[in-house]
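If you check TrEMBL, you get these features:
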COILED    227-298  coiled coil
COMPBIAS  392-404  compositional bias 'Basic and acidic residues'
COMPBIAS  436-447  compositional bias 'Basic and acidic residues'
COMPBIAS  465-477  compositional bias 'Basic residues'
DOMAIN    21-60  domain 'RING-type'
DOMAIN    164-205  domain 'B box-type'
REGION    373-497  region 'Disordered'
Amino acid sequence: MVSQGSSPSLLEALSSDFLACKICLEQLRAPKTLPCLHTYCQDCLAQLAEGGHLRCPECRETVPVPPAGVAAFKTNFFVNGLLDLVRARAGGDLHAGKPACALCPLMGGASAGGPATARCLDCADDLCQACADGHRCTRQTHTHRVVDLVGYRAGWYDEEARERQAAQCPQHPGEALRFLCQPCSQLLCRECRLDPHLDHPCLPLAEAVRARRPGLEELLAGVDKNLAELEAARAAEKGALARLREQAARVGAQVEEAAEGLLRALLAQKKEVLGQLRAHVEAAEEAARERLGELESREQVARAAAAFARRVLSLGREAEILSLEGAIAQRLRQLQGCPWVPGPAPCPLPQLELHPGLLDKNSHLLRLSFENQQSQKDSGKEGAGSQGGEEAQGHREDGAKMERQGAAQPQSRDGAQTPKEDRAQVPQENGAQTPKADRAQTPREGRSQVPQEDGEVQTAGGGRSNKKRKFKGRLKSISREPSPAPGPNLEGSGLLPRPIFSCSFPTRMPGDKRSPRITGLCPFGPREILVADEQNRALKRFSLNGDYKGAIPVPEGCSPCSVAALQGAVAFSAGARLYLISPDGEVQWRRALSLSQASHAVAAMPSGDRVAVSVSGHVEVYNMEGSLATRFIPGGKANRGLRALVFLAASPQGNFVGSDWQQNSVVVCDGLGQVIGEYGGPGLHGCQPGSVSVDKKGYIFLTLREVNKVVILDPKGSLLGDFLTAYHGLEKPRVTTMVDGRYLVVSLSNGTIHIFRVRSPDS
């Protein structure tokens, strides 16, 4: 990206994707510039035009189509000039041998000239050695610049060729554009000058550019100033959000510490306060995310327009600058006129207040108060020492009173739950978590879908639906571009975790009747993995070196789908049932699951004594005895029917990560279902999110099967970048798992398994 205030070079313009159409991803053909300054092929724009309007694929701005069609959009002479230079350097077909001389057929009548060794930059012709020598000696061409053809193709003379390049008149081939008609704001050649513009005041192009350049530069400086203000506003917004999170963490710790010594009668009020705190933080974070999205969107649009204007002013010829001057000026004025709020929205910070009479069940023993950041800063400046000390002393005295009064009760400590136990029972006692704001999307069918090899969709009945054509049509919009660059959340943390290839091995064994179809992976001990082969109805054991260790027997007729290893047992889903079996295949229990989902993702909890399974958009957690321990919907009951977790993983920190096909996102939630983070941005490349795995530090590894990638997200679900690509041998990756927090195991659709060691940034 070109930094603010700097000028791009010609080499950057020629070597970057600036000359590629963002619609067809090919080199621009008949480039047309929209009022938002984005340029596309004329034919590509014609396909997007609908009902007299079209939407820019990059900034999503709606643009009216001229009555004469997309051909009436401004021709980008600037891009045309660069394309001519690129085509001349390439010399047409590179596989057709050396180019022929352009003058030999004109002089000798031969059908083809001799091999060219030189090029005239003024005539834009390739010349043989004899014609090049004669070209330097004639009266009309002795001032022309004749250069070596090899050096020209290597780019040695790009700057010089660009200076001698002239924009051609579209109405009079062979005539260069030389004048600007001031009343008409139209570029003219000598022939155009003699026709309808004869009586109009006209200026030579160089003089016209000198007159109009200061106005454009002044507008550009204004947009640069606006960009600086946007960046400052974004930084202030993030700082306010960070302060809110820090204060919320401190207040949460105070709530936990104050509630630890209370008896059972205080637990309901404690839950109420913590729920109020979470609801406030969620609401504030949601508002901050919306503002950040708006700021980033405006910044991106303004930056793209400024970069385009800077390129034109730095690299464009006079005719090109003047042809785009009106559109650029209009766009820059429009961007300067866009209002925005210069600072972050006021965000009240929660404060904990302890009241006397802690044993009174009818009183609110814990209460939150909210203070704006500005007033908090002012109070901190006025009496940071004395007032803070008095407040802390008051909290300590209230806490001491609470403990003394609590000790007077006849109940024992065993009668009170710990804060962690309290949190685990919130969904069961209250019935619902505090819901987030209703989503604008309408609920889809509750029936989830599972990807098949050929792109069909398998329904809950086990058969294949007739949605194959629709599913394949969606794949056409998949983006193959690299994932967005790592964001500010990596600043100061060094490099991303990176893969180191360990080994690769097939999973097909001599006794298999069909090609393997791996639908589940999980660690099985410190140095082994367990592979669920649905096609061969087997649970296979392999070492991390690829050695086959045997199979775990499964009940007759079961086709394991997802699998997880617990303490001395293995849990797996098959059809609409969840099984727990011993390592020698003895069934310990089975549970029926919802029939509205074709497959159910299974994940082992970090403690190893519970298993989580996704069922119709919610998560159920079972203990080793087969009893339901907890059940929640990510985001609370407000999201009932809006979730479809096709893949599921549990992090070492006790959080859940799921691939939500209903919202087309990756969602991270805690053990109560409170959403910590969710990502559904451009880093998914238009794909449905695939298998998820989590390493020991909480980094999330997400599989994108359609683009042959595994991308990495931070523990809160923000995209960091690509981790594995086709360069690492990925071809239709299917499912993944993390072994010992250090080895990422990736299975491919052909049954092959790749193992990569995850090297952390600090190792």
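Just so it is clear, glycine is given a Cβ too, placed from its N, Cα and C backbone atoms.
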Spatial neighbours of the domain 'RING-type' (21-60) not adjacent in sequence (6+ beyond its ends, CB under 8 Å) are 69-71, 73-76, 79-80, 83, 86, 300-301, 304-305, 308-309, 324, 327-328, 330-331, 480
Average pLDDT across the coiled coil (227-298)? 80
So if I exclude everything within five residues of the ends of the domain 'B box-type' (164-205), which remaining residues of that chain have a CB under 8 angstroms from its CBs? That is, six or more out. 75, 77, 80-81, 84-85, 121-122, 145, 211, 317-320, 322-323, 326
Reduced to three DSSP states, the domain 'B box-type' (164-205) has 6 helix, 11 strand, 25 coil
Is it possible to list how many residues within the domain 'RING-type' (21-60) are helical, extended or coil according to DSSP? 7 helix, 11 strand, 22 coil
